[in-house]
Structure formats: C-alpha cells, structure tokens
C-alpha cells in the first residue's frame, strides 16, 4: 500500500483479496476500495451476497442490483482508498421508474379505454334508448 498524496491510499488487487471474512471484508466498486466489515450485518440483502464478492471487484454485481441513493451515501462512509491502476468512474445510481421511453402515452391502455367507452355507448343506446 502506498500513498499518492496525503488523503488517498492506493491498494492492489492482492491487498484487497486478503480481506474476505465477515469481520474483515473489503470490496472494489468502480475503482474504489471499501471496507464494509462494519456494515455487513445491516445489509438488507443479507450477508451472503456480500461474502460472495468479498475481496474482489463487485462493481457489476452492485450495479446490476440498482442500489438506491441511500446505499451510495452509506458507501461514501466506508471508502478507504483507490485501486492501483484503476480508472475511477462514477457509480451508477438506480434508474427512476419513469424514463423518456415510457413517460409518453401508453397506446394499448388508450385502445382499451376507447373500446370500453364505445362499448358503454353501444350498451346504453341498446338498453336505455
């Protein structure tokens, strides 16, 4: 482990790989190293999913879940340094439920609505007129 400046510690893959137990657990996320030993018992998904990624780059697994902003805030407190040679990238935050693609009018829903309205008019005219 070496210091590139007074605030950031740089770790190698080998150093991170030595921290794989419940009481001493590190992971790599987006080129950053996190000591999540004190958080593992609080993890909503259970400790098994974290232990499966212990000592490795867990970026893909973390991003696939789509963690909340709160999860990212917790990570900030667990950050201990950067991975040697890694390009630091911003973590992907969970997508909101509404995207540009699905925020428009939903055609099948409109078609059903038009059908029901037409049926209602037909039913009214044949039974009450």
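Easy rule for this one: first residue shown is 1, then count along the chain.
Using the three backbone atoms N, Cα and C, a Cβ is placed for every residue, glycine included.
Annotation source Swiss-Prot lists heme binding site at 43, 67. Around residue 43 (heme binding site), taking its Cβ as the centre, 14 other Cβ atoms fall within 10 Å, counting all chains.
Annotation source Swiss-Prot lists domain 'Cytochrome b5 heme-binding' at 8-84.
According to Swiss-Prot, the feature transmembrane segment maps to 104-124, an assignment based on sequence analysis.
In this structure, residue 67 (heme binding site) belongs to neither helix nor strand by DSSP; it is coil.
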